[in-house]
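S.K.: Just dropping this structure here.
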Amino acid sequence: MAEEKTISSTTKRSYWRWSKTDFFPETSFQTLSSYKTALSQTCPRLSDRLLARSSSTDELVTLQKVSENPMQKCLTWWDLIWLSFGSVVGSGIFVITGQEAHNNAGPAIVLSYAISGLSALLSVFCYTEFAAEIPVAGGSFSYLRVELGDFVAFIAAGNILLEALVGAAGLGRSWSSYFASMIKNDSDFLRIKVDSLPVGFNLLDPLAVVVLLVANGIAMSGTKRTSWLNWIASLVSGAVIVFVIVFGFIHAKTSNLEPFFPYGVEGVFRAAAVVYWSYTGFDMVANMAEETKKPSRDIPIGLVGSMSGITVVYCLMALALTMMVKYTEIDVNAAYSVVFEQIGMNWAKYLVSICALKGMTTSLLVGSLGQARYTTQIARAHMIPPFFALIHPKTGTPVYATLLVTLISAIVAFFSSLDVLSILTLWNSNERGWLGYTAAGLLWFFGTLGMAFLSKQRVPKVWGVPLVPWLPSLSIVMNLFLIGSLGLTAILRFIICSAVMIVYYLLVGLHATYDVAHQNELSA
């Protein structure tokens with residue numbers, strides 16, 4: 001009876017509340033004295049959290065109670081396919097293809113897209129297992145908590161979320177640039193220059209902020225509504241892509257494919273490292289598992305099916321472009337728009353521009369859904385204040401979590417230019433020999449072979465990655481190779497951000513999760 005009264009009083013609390021206990025309800029943060037006591041116990045608490053593991057029951061049942069209201073199970077595999085399409089097929093295919101075909105791969109850019117697509121598909125297999133096994137918002141975070149513990153889960157989640165927030169800010173700036181270029185031949189036309197600010201942060205972009213606010217506002221209004229809007233917009237985009245492919249092959253010349261490898265095999269891999277950006281976004285869709293009706297069926301079909309189809313579409317678009325015009329004559333800034341002008345179809349460039357803008361818009365929409373749900377699960381674990389885990393009783397969406405990611409990405413987009421947000425560069429090693437690659441390949445092969453003879457510590461109950469450990473191992477090595485495309489600046493930013501996350505964890509997250517874990521043990 002007492003438990004029923006507690007639940008009843010909890011459900012009657014107003015959603016729109018703002019108190020210290022909503023942000024820091026844990027014992028360690030009740031008073032300054034209790035916090036000092038907690039800090040003095042940092043080492044034993046850290047040892048406790050490093051060794052402890054969450055359970056599937058905790059992630060699926062216990063943590064969801066923190067949100068007070070449930071998310072609505074309203075998505076099917078059909079929704080997930082189109083959410084993936086809307087999230088992944090953004091501006092990347094239109095912006096990067098011409099640049100990499102012209103500068104690095106030539107007609108072999110189609111192979112670059114195939115290689116990056118394979119790498120992305122292997123990652124999708126892993127994310128699918130995470131989401132299907134533990135179908136909650138932010139399934140990969142929960143999976144890491146179960147397998148590797150709080151600390152690893154927090155650092156991984158923090159970097160994934162940071163990447164998503166910076167990516168959203170970059171999309172907002174790209175949207176603003178593209179829109180301004182359609183009005184006037186100046187991508188900075190709608191920005192405000194402030195000379196007193198440092199270069200890279202001195203072009204203020206209010207339009208990018210507005211775009212982010214609108215996209216995130218729609219995401220807050222309801223998941224199914226957002227899915228419908230994405231589906232309609234993606235149908236339009238799909239029609240334009242079919243047009244590009246069909247008319248591209250109609251006006252194609254096989255002579256333009258010669259030479260096929262003008263920059264060698266090395267150029268193909270250099271381009272593959274860059275065009276991988278065109279495939280990002282599927283991880284945000286994996287965060288929608290909690291709102292999926294039949295996760296064990298819908299998630300594998302939705303994620304694996306969509307990424308397979310997107311890879312084929314990208315390869316066909318890249319092939320059509322390089323067959324329409326010689327790779328040396330491709331415009332690196334607006335490849336598809338210019339190529340249609342070159343064949344006398346000036347009106348088609350507007351279709352391409354609309355499709356690119358639509359792609360960026362739906363990427364923002366779906367990204368907003370995924371970021372907020374990932375944040376929700378982190379908040380449910382008390383690694384950030386549980387206030388951000390609250391689900392609105394009417395919309396069934398995490399409004400506070402959405403507002404948090406919106407505010408951060410909007411601030412970053414307002415100040416930071418695209419060259420600051422875009423940190424992908426080319427492979428930096430000056431020593432590129434087949435001897436080194438062969439040695440690395442043999443090391444990977446025998447290392448994976450050794451793992452294949454080890455007994456499995458955990459067998460998936462619902463859906464698992466096929467050909468374990470070969471496919472996961474191949475995914476890791478391909479992603480490590482693509483990480484080689486990151487410059488020193490990117491590595492330094494990663495180190496600095498990770499260091500900040502560790503400091504936060506030691507000062508706040510560690511003590512909050514320790515209190516919650518031991519309170520749960522006492523209540524059990």
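Every residue, even glycine, has its Cβ placed from backbone N, Cα and C.
Pasting the feature list from TrEMBL:
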type	residues	note
TRANSMEM	75-96	transmembrane segment
TRANSMEM	108-131	transmembrane segment
TRANSMEM	151-172	transmembrane segment
TRANSMEM	199-222	transmembrane segment
TRANSMEM	228-248	transmembrane segment
TRANSMEM	260-279	transmembrane segment
TRANSMEM	299-321	transmembrane segment
TRANSMEM	399-428	transmembrane segment
TRANSMEM	434-455	transmembrane segment
TRANSMEM	462-484	transmembrane segment
TRANSMEM	490-510	transmembrane segment
S.K.: Can you work out whether the transmembrane segment (151-172) touches the transmembrane segment (108-131), with the criterion being 3+ CB pairs under 8 Å where the paired residues are 6 or more apart along the chain?
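M.R.: Counting Cβ pairs under 8 Å (6 or more apart in sequence), the transmembrane segment (151-172) does not reach the transmembrane segment (108-131), since there are fewer than 3.
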S.K.: So what's near the transmembrane segment (490-510) in sequence-distant terms, Cβ-Cβ under 8 Å and 6+ beyond its ends?
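M.R.: For the transmembrane segment (490-510), the far contacts come to 39, 42, 45-46, 49, 150-151, 154-155, 158-159, 162, 382-384, 423-425.
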S.K.: Counting only pairs at least 6 apart in sequence, do the transmembrane segment (462-484) and the transmembrane segment (75-96) share 3+ Cβ pairs under 8 Å?
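M.R.: These two stretches do not touch.
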S.K.: Would you mind listing the long-range same-chain contacts of the transmembrane segment (108-131), meaning Cβ under 8 Å and 6+ residues beyond its ends?
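M.R.: Distal contacts: 97, 100-101, 139-140, 142-143, 260-263, 267-269, 271-273, 275-276, 278-280, 282-283, 286-287, 289, 295, 299-300, 303-304, 307-308, 310-311, 314-315, 318-319, 321-322, 327, 460, 463-466, 471-472, 474-475, 478-479, 482.
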S.K.: Can you say which of 75-96, 228-248, 434-455 has the most Cβ pairs under 8 Å with the transmembrane segment (299-321)?
M.R.: 75-96
S.K.: Please work out which recorded stretch in 199-222, 228-248, 434-455 has the most C-beta pairs separated by under 8 angstroms from the transmembrane segment (75-96)?
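M.R.: Against the transmembrane segment (75-96), the leading stretch is 228-248.
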S.K.: May I ask for the residues of the chain that lie six or more residues beyond the transmembrane segment (228-248) and have a Cβ under 8 Å from a Cβ within it?
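M.R.: 79, 82-83, 85-86, 89, 218, 313, 316-317, 320-321, 323-324, 336, 340, 345, 348, 351-352, 354-355, 358-359, 361-362, 365-366.
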